[in-house]
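Participant: One structure is given below, represented as structure tokens, and several questions about it will come after.
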Amino acid sequence: MCGNNMSVPLLTDAATVSGAERETAAVIFLHGLGDTGHSWADALSTIRLPHVKYICPHAPRIPVTLNMKMVMPSWFDLMGLSPDAPEDEAGIKKAAENIKALIEHEMKNGIPANRIVLGGFSQGGALSLYTALTCPHPLAGIVALSCWLPLHRNFPQAANGSAKDLAILQCHGELDPMVPVRFGALTAEKLRTVVTPARVQFKTYPGVMHSSCPQEMAAVKEFLEKLLPPV
């Protein structure tokens, strides 16, 4: 890869899965609270497409209010996990700018915005939704797993005009004790006011808690195959 990674801090030690062929598309995937990019790089490598590069950055370590101010990998501070919980607006916006810098780095290296999918799990999925909806570049789509839309009251007004064409795959475990599936359903409703409603898929998985499952990963692979075909 050409270009200077030093100007994009999240790229310097990100876990990546390189394409087996010439890379013509990219998936940027953001992990959940307390995790690192390595676990999702491993998971995505099991469904990899040969022409796609997968980039899984690591969140900075910060004190998290929800976890008694313990320092852990977190994209922004979390005060609670409910639709009415107070939110770290400045932290969310700063994190989104850092992800946009990563997107722009890939664009400078020859991958067009419409060949980039942003995704994530839990807090990472939340950040991927907020970032893609407010991004000035028209991305291909979003993979949003077990998550919610941060600062949801700001939408649809906060969305960039190009966001209406985004394809969104939203998946949720029906027994999720951390981010209840009802919160996911409310998020899907809100997303349909921001993007073309038919472009939002909301899939739920019986018996699944706050985690992924093989059926969900198969759905992610199918979604990526449709959005990012070989060129």
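Heads up, the Cβ atoms here are built off N, Cα and C, so glycines get one too.
These numbers come from a predicted model, not from an experiment.
I grabbed these lines from Swiss-Prot:
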LIPID     CYS2  S-palmitoyl cysteine
MOD_RES   SER82  phosphoserine
ACT_SITE  SER122  active site, charge relay system
ACT_SITE  ASP176  active site, charge relay system
ACT_SITE  HIS210  active site, charge relay system
Participant: Taking only the recorded positions SER82, SER122, HIS210, which one has a CA atom nearest to the CA atom of ASP176 (active site, charge relay system)?
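Facilitator: Checked the recorded positions SER82, SER122, HIS210; minimum Cα distance to ASP176 (active site, charge relay system) goes to HIS210.
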Participant: Pick out which of the recorded positions SER82, SER122 has the most other Cβ atoms within 10 Å of its own Cβ.
Facilitator: SER122
Participant: Among the active-site residues listed here (ASP176, HIS210), identify the one with the smallest other-Cβ count within 10 Å.
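Facilitator: Taking ASP176, HIS210 as the active-site residues, the minimal 10 Å Cβ count falls on HIS210.
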Participant: What's the CA to CA span in angstrom from HIS210 (active site, charge relay system) over to SER82 (phosphoserine)?
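Facilitator: Between the Cα atoms of HIS210 (active site, charge relay system) and SER82 (phosphoserine), the distance comes to 15 Å.
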